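Chemist: Structure provided below as structure tokens; questions to follow.
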Amino acid sequence: MSRWLMQMLMLPLLLLPLGQAAPKDGVARLDPEAQQQLTTNPFQPGPEQLRRLRDYLKGLEKMEEDPEQMNREQVLLYLFALHDFDQNGQLDGLELLSMLTAALAPGAAHFPINPVILVVDMVLETQDLDGDGLMTPAELINFPGEAPKRAESLPPALQEPQPAGSQPLLANSPLQSETQQSLGTKEEITSQVEAKRALEPEQEAGHHIETKVDALSPEGEARGQAESEGDAPGPREDAERQVESKDNEGEAKDLPAETLETQNTPNVVEAHSIQLENDEI
């Protein structure tokens, strides 16, 4: 009897530690939906992943645009800018952990060990292509196996930081390919102009040779004679020129007489004035 009583008294003492160690609802236990979300990459293209991220943005009070009207790239870029606390254009592990915890499992922040760390490791292993432990906007948007997005779709503030003298990571963007094509077209036009200039002296020399050959040929001689005959004055033109020359000679003969009369006029006037003075005296 006493032995059975002792066992009954010891039983609560044994169950007390187990009750304290059991997880409590809402504090140390995730709901099944959150546990399922932690098993997949939230940045993987798909309607379900996009719905989760949009739901998170809907809960933010400072959203100016309706998340339902935003596509996948816009949602990811907004999340990137929202959690890039040091504004260096890259997300480190802590910033990525803060983003995924707030978007996928807000209650996991109170866990002694955040289970979202496994998702961060999954994202870095899948999308951190250069292995530097940092996520850039291009790495966040361009999921492996998908077609790369256009580089100009990224806002200037989210462009990847590049060290001095290095090539941009998005060097194969359509914008740069168009620039290279325009440069190639310009080089082709320049080469064509230079080739044309190089051929101009040869064309001029060929033109002079053709002119000389044409002049030496019988047809060229006949053409030259016809042109010289066309330049020579005809009989009618000779007669007109002779008449004009005679008229000019007549005018030239009349001019000296008129000139003499003009020169003698002052002498006559002077003699007449002297005669008047003598009469008065």
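The chain as shown is numbered from 1 upward.
Glycine is treated like the rest: Cβ placed from N, Cα and C.
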Chemist: Have a look at Ser153, Ser191, Ser228 and find the one that Swiss-Prot tags as phosphoserine.
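Modeler: The residue tagged phosphoserine by Swiss-Prot is Ser228.
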Chemist: Look up Ser173, Ser217 in Swiss-Prot and give me whichever carries the note phosphoserine.
Modeler: Ser217
Chemist: Other than Asp128, Asp130, Asp132, Glu139, which residues of the chain come within 8 Å of the Ca(2+) 2 site, judged by Cβ distance to the Cβ centroid of those residues?
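Modeler: The surrounding set, listed in chain order, is Leu124, Gln127, Leu129, Gly131, Gly133, Leu134, Met135, Thr136.
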Chemist: According to DSSP, how is the domain 'EF-hand 2' (115-150) divided among helix, strand and coil residues?
Modeler: 17 helix, 1 strand, 18 coil
Chemist: Validating a neighbour-count step here. Other CB atoms within 10 A of the CB of Glu139 (Ca(2+) 2 binding site): how many?
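Modeler: Taking every protein chain into account, the count is 23.
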Chemist: Taking all residues of the domain 'EF-hand 2' (115-150) together, what is their mean pLDDT?
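Modeler: The answer is 84, the mean pLDDT of the model over that range.
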Chemist: Reported as an integer number of Å, what is the Cα distance between Glu95 (Ca(2+) 1 binding site) and Asp132 (Ca(2+) 2 binding site)?
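Modeler: Cα of Glu95 (Ca(2+) 1 binding site) to Cα of Asp132 (Ca(2+) 2 binding site) measures 15 Å after rounding.
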